[in-house]
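J.: Below you will find the structure I want to go over with you.
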Ligand SMILES: *[C@@H]1O[C@H](CO)[C@@H](O)[C@H](O)[C@H]1NC(C)=O
Ligand SMILES: *[C@@H]1O[C@H](CO)[C@@H](O)[C@H](O)[C@H]1NC(C)=O
Ligand SMILES: *[C@@H]1O[C@H](CO)[C@@H](O)[C@H](O)[C@H]1NC(C)=O
């Protein structure tokens, strides 16, 4: 498709953003400070930046009885790979939720797309739960939960979302844990229209997060801290002569990168706690969502 065709003008900023980002990423790593790429969104007085001896800048979110805090990326994209390193609240994190998610700017509820990774805290010595969800056009109900195979509060781990016209892949340290395919051709909703930012937040959710809400946040342990660093975003690069990735066929083999099917299968066999697609009882009235049924 020629760059001047009508459909290519629908997302003109994507190409510009891709160009700017490529230019930024060519700079030496030490200059890519986190505060250049993200900004506080709420609870600004509970957000701080620290640069370590290695020159890498870390953002700390804090939560106390008054409130939590959240940040967002300055850039937003239609189709990109987002990576960020995260170290979660240590010891007694019961009641806390630490998040990484992709979200659009304020849109009407029926236009809201969202790709969520939420880490539900626990009492000391008990494991975190990773809660994931995907909203398209305001509708979520696509929860999958995982038990992590490491202590996410001990070290930084890399959490990623690859979002391209073929699929959405969630990854941990490069290992895929969840794939949501673009099957729009058979009526499965898939986000293609709205630019998404990466947000991160730390907040109190002790009404539901830990052991179903039975365990409350222990405020004598506050303030709680979660740490983020090494945010990278790689916008999808359109093929030559095409204005945006969305103009290309979703099944184009070049979008099929980064998916190690054997690794995905292994992680899911060993670490999946809950999958809405297996919850027949929940969907007994209307049947399982379309993406859960083979075609
Ligand atoms: C967690 O507990 C360990 C061992 O008691 C302690 O050294 C560490 O400072 C605690 N971390 C936080 C964030 O409270
Ligand atoms: C917390 O620990 C309990 C006991 O091991 C476990 O059942 C639960 O799934 C864990 N996670 C959350 C978020 O409650
Ligand atoms: C809350 O934390 C304090 C300080 O560590 C501890 O003494 C107390 O037992 C904790 N409360 C609960 C309900 O776990």
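For all residues, glycine too, the Cβ spot is worked out from N, Cα and C.
When I checked TrEMBL for this same protein, it listed these features:
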| type | residues | note |
| --- | --- | --- |
| ACT_SITE | 114 | active site, nucleophile |
| ACT_SITE | 118 | active site, proton donor |
| DOMAIN | 1-228 | domain 'GH16' |
| CARBOHYD | 122 | N-linked glycosylation site |
| SIGNAL | 1-32 | signal peptide |
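How about a rundown of where these features are and what they're close to?
T.: Residues within less than 8 Å, Cβ to Cβ, of residue 114 (active site, nucleophile) and separated from it by at least 6 positions along the same chain comprise 101, 102, 103, 104, 133, 134, 135, 140, 196.
Every protein chain shown contributes to the tally, and the Cβ of residue 118 (active site, proton donor) ends up with 20 other Cβ atoms within 10 Å.
The domain 'GH16' (1-228) scores a mean pLDDT of 88 in the predicted structure.
Taking the Cβ of residue 122 (N-linked glycosylation site) as centre and 10 Å as the limit, one finds 21 other Cβ atoms among all the protein chains shown.
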J.: Just the recorded positions from 114, 118, 122 whose C-beta lies under 6 Å from any atom of ligand 2, please, or none if there are none.
T.: 122
